[in-house]
């Protein structure tokens, strides 16, 4: 029965609507008996699905708005208000129909993201390619992806090359060239080319699955406002029902009593906030910005202080060795090979840069054997080669070890630092023998992102970094930040955030999500950049930017602001409707049909309002195509 | 076992309670959660419960099911 009603819902609605129109024609013509009959018919046609839902809710012992409507309509028929009964039932179905159509629009971003999930995989088994369900792929298996195909799991390319669209992950449709050894992600699509990959993460462990899980959770997580409105609705509906019964008994005015029933469910109030959040969160997610729920949207929108980490956040985080000064009889390559030998223990990006440079110069064969190698946190490394004791590190390390630096080297050091380089000392037995300079470029879109943040209300932009003062100053200068603090230890960053919060500032911390995890957790909104550190970042951060582009931060911020505004507008619309309906009914201006009309109109109003959050990309697309046309 | 049911667009949050309590009473079902914004019903259950039964139950409550996925 339920299925039959669902299947013929629209037919019933149209029939009921047509009958109403016929009735109105007869009303104008003056045939009141015919009018009554068509209105009764319209009511009976439309009440079916409503009655069915009311009943199915009752069977699981829950009250529903359908039950209230059914009672109201039966009441209206009894007191011979056929016109009202007909219009109320029709409007209820018609409103629900429009709601469904429009709601689907607000959810389309999330839905389309979910639809990007791959279903099947082509796997190499016993030398043959077999197609299997996505859940059957195992780690280590070789997966084949053909042109136009969707990559089913996370993996590493073992054969072939391809141009890959990773928009499911990063929200950007720019094609990436990937070849041997490169990492690829589930959900991406191969544009041209052919690859075979070794599965490294499958099923629910893939980056894409994690994104989906996170977005799903986010779309259901209630904000404070939502919880409050739900509580309000929980008391409001029973209160109005009790009121209706009391009014009915005391005044014997059945018409008034059933009118209360029609307005008892504050639909716009219940749906106004979630519809805004789901549109905003869905749209952000599609652009590669994962916001973890309505409560995060609220906090994100209120941020006035933004704290950036430097390396990998404002800068590209892919530093390169730009200069090597040697102060003894070694060659540049010898100095580099020696430093790289020591830096092999380092997890720090600067140490890694030195090792990478040495490898690029094919010096790996010339490494020395190091004993007692040790990384010194936030300072550098130390180790012993052939009974000589070495340090490589920043000035802090050198000062702490009370190593004297000759004036010539200090001058070199200062001039390097002033150019924005990070210079590291190489020390052999307490004597400085070399200076290695490393440079990390500022991200292309950093300036624009900073500007957008300011335009949309971020008042204080600060950079906190463990890096040296000169390098920091250069970056802060170029980007026009309000403040920067350099050479900080992780706990000093935490102290800074706490201090800002104590001054009633709403602080957002932006970092790579690995080194900054505690700071991200402490701040009002923690933003992790890039999906490189996926697992940790996704757990600690409130917002995850799925690419290294800083403009994502600006997108997330403006999107949260508009989502928050629309949520507030919707709440306003809903509250005003509740008050108007109540007063209107009490003072006799609003009756059954008009009550239902206003109720349904308010529900539609909040949904349509939330739809404004959707087409933000239309303008962007136009800009892109305009640029393409120009090029 | 876990079964995900994708339904037609859910329009009123009140259906959450309806589906949760309706399906939740079934023997062998340990947890039901309705994801209103995703039109998705997630049911945790043991192997005495068939996915098809869950489907017809949700449909009987008035919500057509578009797809059913069961995971071990």
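Every residue, even glycine, has its Cβ placed from backbone N, Cα and C.
Bear in mind that TrEMBL entries carry predicted annotations, made automatically and left uncurated.
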Out of A:571-590, A:591-610, A:611-630, which range is noted as transmembrane segment by TrEMBL?
A:571-590
Decide whether the stretches the transmembrane segment (A:37-55) and the transmembrane segment (A:232-250) have at least 3 CB pairs under 8 angstroms, with pairs required to be 6 or more apart in sequence.
no
Contact count check, CB pairs under 8 angstroms to the transmembrane segment (A:571-590), set A:12-30, A:232-250, A:256-279; argmax is A:256-279
Could you give me the DSSP helix, strand and coil counts for the domain 'P-type ATPase A' (A:116-216)?
20 helix, 48 strand, 33 coil
